[in-house]
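Beneath this line is the structure, given in structure tokens, with notes to follow.
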């Protein structure tokens, strides 16, 4: 009875042994490396450039800015600012200097307790009362916020200058200035631009002592204006201040500073032409988009997924250089850039850069501006001959 079972059993054993012998080769084929795929063909440069230009022209901050301006025009503190900020307006009647006119601002009530940070006590939105002339000025400012590269050509007259300045030094705040001994060279220029109220006392040998224009962003002014004893002209009464607006509600800080008793005889604070703001924003965004595509290999449309596109902004230094390009016959730039052994700012202990700026993209723009300005997008439509620009390190 056992004999008939031997042959089927032998066949089954043979099949099992064959399967076991072939399993390693099957396994190697199943888990082996995937076939190498051919790389994607590079995007046509002209097509890529057109995409970058199109995306750089998009402004996701326009809608919220429009809402903030509407709030101010209707006498309300903008919702984007009311939650965490307040403006300590000095007195019941203030003046905002804008476009060479004075515009009164009225309000009811005040903050009698100066021991408390006014940022913790926002003004009730219904208490802000703007003069009709101020409403017209704000409306005009927002209406001018459009792309017009020709604004560079008109900067001397917009800034009430008698003509172009022979030579300008734009002094940044990088720690690379320490030990550079550029002070005398900086002061030898016809005009010296400084950024964001950077301190010069004690640093004159490296950063110079002369100041002809103070260029600041409105966040810096806001931090000063919220303090009861703020003096908005740290370089002296005779040094004009040119300010670009980061939030529409910061116009109230301009009013506060211009109306303070210590500023009555000082040079007024001027606001940058919004067309210049738009031009600077487009240039920097273009270079940021280009850097993103080159470094990641991803589509330019994905740039906004890595940044807060509505908050993305150029730096104060970048716009100061653009102003110099528009009003100076020769531009020298100091204190821009980084070094491993240098502080972020020569005058402070700030450790890191702000995320809303793309400094590497701005450095790429500076290289093109100095070496081949004809390739800078949007700038080549300004209708001006870009003056020589030299960066000192």
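The backbone N, Cα and C atoms fix where each Cβ goes, glycine too.
Remember, predicted model here, so these are calculated numbers, not experimental data.
Features of the protein shown, as given by Swiss-Prot:
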| type | residues | note |
| --- | --- | --- |
| TOPO_DOM | 1-8 | topological domain 'Cytoplasmic' |
| TRANSMEM | 9-27 | transmembrane segment |
| TOPO_DOM | 28-393 | topological domain 'Lumenal' |
| CARBOHYD | 49 | N-linked glycosylation site |
| CARBOHYD | 212 | N-linked glycosylation site |
| CARBOHYD | 258 | N-linked glycosylation site |
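Taking a C-beta cut-off of under 8 angstroms and a sequence separation of 6 or more, residue 49 (N-linked glycosylation site) has the following same-chain neighbours: 377. With the fewest other C-beta atoms within 10 Å around its C-beta, 212 stands out among the glycosylation sites 212, 258. Taken as a whole, the topological domain 'Cytoplasmic' (1-8) shows an average pLDDT of 51 in this prediction. Across the fold, the C-alpha of residue 258 (N-linked glycosylation site) and the C-alpha of residue 212 (N-linked glycosylation site) stand 19 Å from each other.
Reduced to three states, the DSSP call for residue 212 (N-linked glycosylation site) is coil. Secondary structure at residue 258 (N-linked glycosylation site), taken from DSSP and collapsed to helix, strand or coil, is helix.
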